[in-house]
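Note sheet for the following structure.
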Amino acid sequence: MSASDTCLPSNPDTSGIGVRTAIYAQNLLSFIPALFALQDGKVTPLELEALETQSTTILITAFAILLSVIVQALQHGLTNYHAAIILNLSWMNNTNLFIYFILHAYHTFELRDEEMKQGGDPRTLRAFWVSRMKKTMRNPVLVIGSAHLSLMSAVGIWLWVQPIAFGNSPPCSLGASLFVVGQRALIGSQGLREWSLLIYSLLLIPGLNLIVPIGFFAAPIWVYSHLFPFSLKQESRLRFARAGLAMLAIINVVLLADTEVAISKNQGLTAKGDGDWTFGQTLALLLLLIPMRDIGEALLERRAKKVGERLKAASEVGELGAVRDAIKSGAQKSVMAPSITIAFKKGHLDVVEVLIESARDVEAIYPSLQLTLAGYSQGELDSTLCSGARNQQVQVVRLLVKLGGGINAIGSDNQTALHYAAEKGHTEIVKVLADLKADLNLQDSSEGTALQYAAENGHTEIVKVLADLKADLNLQDKYGRTALYLAVVKGHTEIVKVLADLKADLNLQISYGRRTALHYAAEKGHTEIVKVLADLKADLNLQDSDGWTALYLAVVKEHTEIIKVLADLKADLNLQNLSGGTALHYAAEKGHTEIIKALADLKADPNLQDSYWKRTALHYAAEKGHTEIVKVLADLKADLNLQDSSGGTALHYAAENGHTEIVKVLADLKADPNLQDSSGGTALYLAAENGHTEIVKALADLKADPNLQDSYWKRTALHYAAEKGHTEIVKVLADLKADFNLQDSSGVTAFHYAAKNGHTEIVKVLADLKIDLNLQDLYWKRTALHYAAEKGHFEIVKVLADLKADPNFQDKHGRTALHLAHGQGHTAIVSFLAKLGVI
């Protein structure tokens, strides 16, 4: 075909094979670093940085191509056909932008996972996403990529607003063919023009033009992560990322095919000069060095990652040879600190030495080593730690301190390495730290010292080491506890001996409760410790804030042997606490028979009275029903008739609470049955009121006076028995010749109470004793029949009627029994009395 048959001038610098090859190659090669980055399932910041550099460089080149198009078009050196080809290639140049975005998004989700591991809730990470979105929109690659899209769209709109007017386009150019996803369309096609204007208009505005293309790639993973926030695991993200890269590759292949087919189909319209090799095409091919360089960097980065992983793995298992090989292979300095920490925790000292030597100049390892010092001194070693790990621990501590680890650096709860070592029992480490001038008396947040932790946990050797180094034996924590106190509480006898021999203050009272070491030894039942403290002249009679002595606490906890030890050492058995109670009081109340016997043998005073109630041990034993203790106290010559502040005797309390055996014991011992308490009550009175029949019988045998009246109501035992319905007791009292017609302060008799409260059997018993059925009380002038009728006790009314009680007696208001029954609505009684002719 001659030149006269062609209408489109040649332009090898825009559509020549060299330019096209360079653009095709650099965009397709850009996928390789991305695939390398995703191969291990993680995108590191370094890999992302390499991709950022690559993408920025290619996008700047793409800018240059578009600027060249603008210049050529303005100088009328470019046709609409060549401009359309360049726009196709510009679409491909955007590949790097979207590759970078896919990996950037993948890395962002990795950061999201780290946030969740630190306690973030995947459903409430809105702030995280907002922050990341802001950073993303300021990302240089995305900013440059958005600007490139805008420039490309501006050129596209310029071209497609009026294709024939673009540059130096001849009329025949409207017949040139373009291909979109394999479909042919003429440049002069109205449909192609409209679609092109729509698409380029959507991508014209910077920033906003990223929404549509990025949304195309991000929408699936975004929707999935919000629908299933717990399900977007690394494997799923990896599949999404690889699928995105695959879609980009397919789009690039389609654009490449469309461009090549268009050039092929339009050869008949284009002058032969398009095939010439020019300087511009050579320059374009030289741009291939950019992706080749980036691929090389990706390979080197991947190799560095592999070496780093090998170093960590070798450090964990302690393979010294593999560690050295990894270092020789160029392990990066950044992996030294984590490798040192891994080897350190596993106890591989030789590995630690090699790693520290190779990373000696890396300042970043020092905080890691300093933190590990405190943690390792706790002896928290993995199960794989070998039997020789203890010696390794010592060497590691020496090494770390030499490298700058703070000897008195504090960890959690303000504890130092010395605190941890002393607490866990690492004697050699304690010695090392002490040799390195660790502060022996430094106190943690609870004001505890290393010596206190060693004493509390039973580490005798460490206590000796610290004590020999002049650690303060009497320092108190914020609760006032000393090392001696803690050793006593935990029962560490040998440590107590060590501290006591070194003149620890045996009588130091802690802030809370004012107790001494001896108090706690006695309370906890540590007999040997009590002996040690006593032999060293600890004060046996010191009282705590409640007035309790060590002996009292031993009684409370029933430690009989300790009681004997303290008593043999002349502890005061009769010392009274703040409420006046003695050890004997407590033991009697609680029923500790063996302890009572021991105290009795030691001649404890049985007649001491407490401060408020003025009760003796016998009172408490009788009240609680401890028969054997009552016998022991009686043998100790306890005063059986001693009265407390309410006038009660031991017999009163035993009778009131139904302790029959104790009543019998006291009765046999001639306790006075007729002593009255401050309200005038006797033992018989209390037993009768509470229904203790056997006790009433026992007191009857003791010739208790049944007619003694209390102070206020002037009632007798019979009054209360009749009122409460205790029939058997009424019979017993009847046998005792109790006065049935005795009236209380209201003139009410036992018979009145029985009738009033509906106790039919008692009414019959008393009636059989020929009592006065018509006796009236003093105030209301009522008879038993009045009370029975008023309360509705029909059976008693019938009994009294049968006994010929006078139904016509009137009370002080002139009312008969019938009146009272009628007033209360007892119709049966009313009918019954009416039949008797009651008025």
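Cβ from N, Cα, C; glycine included.
Record features, source TrEMBL:
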- 413-445: repeat 'ANK' (REPEAT)
- 446-478: repeat 'ANK' (REPEAT)
- 479-511: repeat 'ANK' (REPEAT)
- 513-545: repeat 'ANK' (REPEAT)
- 546-578: repeat 'ANK' (REPEAT)
- 579-611: repeat 'ANK' (REPEAT)
- 613-645: repeat 'ANK' (REPEAT)
- 646-678: repeat 'ANK' (REPEAT)
- 713-745: repeat 'ANK' (REPEAT)
- 746-778: repeat 'ANK' (REPEAT)
- 780-812: repeat 'ANK' (REPEAT)
- 813-839: repeat 'ANK' (REPEAT)
- 17-38: transmembrane segment (TRANSMEM)
- 58-75: transmembrane segment (TRANSMEM)
- 81-103: transmembrane segment (TRANSMEM)
- 141-161: transmembrane segment (TRANSMEM)
- 197-219: transmembrane segment (TRANSMEM)
- 240-257: transmembrane segment (TRANSMEM)
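Between the transmembrane segment (240-257) and the transmembrane segment (58-75), fewer than three CB pairs separated by 6 or more residues in sequence fall under 8 Å, so the two stretches do not touch. Each residue in the repeat 'ANK' (513-545) gets a DSSP state, and the totals come to 17 helix, 0 strand, 16 coil.
A Cβ distance under 8 Å defines the sequence-distant neighbours of the repeat 'ANK' (646-678), meaning residues of its chain 6+ beyond its ends; these are 613, 616, 618-619, 621-625, 627, 630-631, 634, 640, 684, 686-687, 690, 692, 694-695, 698-699, 701-705, 708, 710-711. Just going by CB pairs under 8 A, the stretch in 58-75, 81-103, 197-219 that sits most against the transmembrane segment (17-38) is 81-103. Residues of the repeat 'ANK' (446-478) grouped by DSSP class, helix first, strand second and coil last, total 16 helix, 0 strand, 17 coil. Below 8 angstroms of C-beta separation, residues 94, 98, 101-102, 105, 137, 142, 145-147, 149-150, 152-154, 156-157, 160-161, 244, 247 of the same chain, each at least six residues beyond the ends of the transmembrane segment (197-219), sit close to that stretch. Here the repeat 'ANK' (479-511) has long-range neighbours at 446, 449, 451-452, 454-458, 460, 463-464, 467, 473, 517-518, 520-521, 524, 526, 528-529, 532-533, 536-539, 542, 544, meaning same-chain residues at least 6 beyond its ends whose C-beta is under 8 angstroms from one of its own. The list of residues near the transmembrane segment (58-75) in space but at least 6 beyond its ends in sequence, with Cβ under 8 angstroms from a Cβ of it, reads 11, 13-14, 26-27, 30, 83, 86, 89-90, 93-94, 96-97, 141, 144-145, 147-148, 151-152, 155, 158, 166-167, 287, 290-291. Taken as a whole, the repeat 'ANK' (446-478) shows an average pLDDT of 91 in this prediction.
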